[in-house]
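One structure is given here, and the rest of the page talks about it.
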Amino acid sequence: MNELKNDRYLRALLRQPVDMTPVWMMRQAGRYLPEYKATRAIAGDFMSLCKNAELACEVTMQPLRRYPLDAAILFSDILTIPDAMGLGLYFETGEGPRFQSPITCRADVEKLPIPDPEQELGYVMNAVRTIRRELAGSVPLIGFSGSPWTLATYMVEGGSSKAFTKLKKMMYAEPQTLHLLLDKLADSVILYLNAQIKAGAQSVMIFDTWGGVLTGRDYHEFSLNYMHKIVDGLIRENEGRRVPVTLFTKGGGQWLEAMAATGCDALGLDWTTDIADARRRVGDKVALQGNMDPSVLYAPPARIEQEVSTILASFGQGEGHVFNLGHGIHQDVPPAHAGAFVNAVHALSRPYHQK
């Protein structure tokens with residue numbers, strides 16, 4: 001494997017010195033880019049794009065050709081694991097992801113297989129290997145998975161949900177069934193992320209998109225507990241360097257201390273958490289990633305720069321900050337505004353890293 005020419009992102013996650021704050025964007029390979037839409041049209045549909053290593057590599061690289069980003073993120077979907085378990089993932093136009101065979105009872109959970117990442121999910125590993133070759137050491141590659149709780153929301157609800165009534169019914173009426181499902185998912189995620197690391201992912205991230213819908217007690221029992229199990233099971237050294245692990249619970253700002261205690265290297269923040277407050281609370285234990293509201297990218301470039309400046313000042317001097325949005329970039333953001341954001345982070349952050 002090639003030596004990394006730019007390891008700013010990996011260094012920041014380990015709270016090591018950098019020359020400027022590294023930046024990448026959640027969903028940086030996506031529908032806001034016309035070239036992404038063109039490639040997706042060639043693939044035919046979203047999952048065909050994910051399952052074609054060459055096309056997945058192409059869309060992963062597209063934002064890097066436009067912007068001086070400090071990391072690439074694997075182009076895939078969090079629902080690859082439930083799909084590999086046989087739930088029958090499909091996408092309804094305007095409805096998002098759906099499953100043909102959602103989980104309804106304990107018997108459904110008991111018969112779920114734990115997928116072999118090099119077999120049922122081999123297309124993901126092929127994409128990781130293809131992207132690493134194409135990157136040729138330019139920037140690190142981030143691998144990722146959904147958290148067990150977040151995967152369970154889709155598997156039990158049968159797709160996207162606003163109220164999560166089916167899953168919460170299971171959580172309160174049949175908690176042991178849900179624990180069995182979450183435990184199987186945690187085992188699957190460990191295998192999946194370790195396979196991504198062996199295939200070439202240099203950092204991994206666990207997306208807990210729906211952890212924020214839980215009470216504090218339930219978050220610890222049904223979400224954080226299983227992310228902790230995953231962190232404990234991950235390969236943390238590969239290719240002669242540490243493989244940093246980032247946890248991100250959207251809406252989880254009140255639980256940062258407990259998240260930091262899992263042994264992860266970094267925490268993702270959404271835009272509802274003040275980054276100065278987060279640093280005061282956990283900055284001696286973990287790096288922080290975030291946390292500009294993605295909607296700021298609708299503003300003119302001068303306003304975007306102002307927001308970047310405010311967040312940099314809020315985090316303050318020193319190491320341990322990876323700049324990002326607080327969630328994924330919106331599909332109708334002008335590409336030039338994303339460029340203004342990336343350039344502003346690099347231009348304005350250097351003074352915060354001078355000794």
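Every residue gets a Cβ built from N, Cα and C, even glycine.
Swiss-Prot has this to say about the protein:
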- ARG27, GLN28, ALA29, GLY30, ARG31, ASP77, TYR154, THR209, HIS327: substrate binding site (BINDING)
- ASP77: site 'Transition state stabilizer' (SITE)
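Shown here: features listed in Swiss-Prot, placed on the structure.
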| residue | record | Cβ contacts under 8 Å, 6 or more apart |
| --- | --- | --- |
| ARG27 | substrate binding site | GLY328, ILE329 |
| ALA29 | substrate binding site | TYR36, VAL59, THR60, GLN62, PRO63, ILE73, PHE75 |
| ARG31 | substrate binding site | LYS37, ARG40, GLN331 |
| ASP77 | site 'Transition state stabilizer' | PHE46, MET47, CYS50, PRO97 |
| TYR154 | substrate binding site | LEU79, PRO82, PRO97, PHE99, SER160 |
| HIS327 | substrate binding site | MET26, LYS250, ASP270, TRP271, PRO294 |
- Message: Tell me the coarse DSSP state (helix, strand, coil) of TYR154 (substrate binding site).
- Response: helix
